[in-house]
Amino acid sequence: MTTAIYPGSYDPVTYGHLNIAFRAASLFDKVVFALAINSSKKCLFTLEERLDMIRQGIAHYAKEKNLNDSNIEVTQFDGLLANFVMKYEKPAIIRGLRAVTDFEYEYQMALMNRYQNYQVDTLFLIASLRYSFLSSSIIKEIARHNGDYKKLVPPYVYGRLWEKFNNQSRENGKV
Ligand code: PNS
């Protein structure tokens, strides 16, 4: 049984992530969204919120595109990714590549993960053109300034972002 481990911060998950995960699900026996607990990034959403959004996002994407999501799991992990993947049968790390700008960071991570554990390989899927300009950071930036991002994230994620920024504005006395 082959397993694709799809690690990330998912703050929040976008259609770009979901597109990669479902494509991996047709290539591997199992796909595991692996949310890094100790990501060096400062996240807008809590761990539980991010897990919840991934789960809701998977269910929505599967329904909307009429895809099977029975071989997609969601979990969290602490510590090194190169160690965590060994819990699974025939694991490979999956990452999406959007543009050349992603390459350097991804190249460094793939090599470092293999340096930590020579059994671990990283496979890259090229992001679908329609989502290649998406990132969680840019979505948060647009959401913060009330821009248009409705079709770029699942409806549940859209609601959580909207809530987050509107409640924050209210708390800060801006609304
Ligand atoms: O979505 P991101 O933030 O680009 O994902 C980065 C992530 C979570 C995949 C990376 O930071 C990671 O693997 N963190 C776990 C700790 C680890 O193994 N770090 C060394 C990576 S070479």
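Just so it is clear, glycine is given a Cβ too, placed from its N, Cα and C backbone atoms.
Copied over from TrEMBL:
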- Ser9, Tyr10, His17, Gly96, Leu97, Arg98, Glu106, Tyr131, Ser132, Phe133, Leu134, Ser135, Ser136, Ser137: ATP binding site (BINDING)
- Ser9, Lys41, Leu81, Arg95: substrate binding site (BINDING)
- 5-141: domain 'Cytidyltransferase-like' (DOMAIN)
- His17: site 'Transition state stabilizer' (SITE)
Within its own chain, what residues at least 6 apart in sequence put their Cβ under 8 Å from the Cβ of Leu134 (ATP binding site), listed in sequence order? Thr14, Tyr15, Gly16, Arg98, Ala127, Leu152
Max Cα-Cα distance in Å among Ser9, Lys41, Leu81, Arg95, the residues listed as binding substrate? 18
Using DSSP, how many residues of the domain 'Cytidyltransferase-like' (5-141) fall into helix, strand and coil, respectively? 63 helix, 29 strand, 45 coil
Taking Ser9, His17, Leu81, Arg95, Leu97, Glu106 as the binding-site residues, the residues having C-beta under 6 A from ligand 1 are Ser9, Leu81
Based on Cα coordinates, which of the following binding-site residues are within 10 Å of Glu106 (ATP binding site): Lys41, Leu81, Arg95? Arg95
Sort the binding-site residues Lys41, Leu81, Arg95 by C-alpha distance from Ser136 (ATP binding site) and give me just the closest. Lys41
Out of the binding-site residues Lys41, Leu81, Arg95, give me the one sitting nearest to Ser9 (ATP binding site) by CA distance. Lys41
Which chain-mates of Leu81 (substrate binding site) that are at least 6 residues away have a CB under 8 A from its CB, listed by sequence? Ile5, Pro7, Ala34, Ala36, Ile93, Asn113
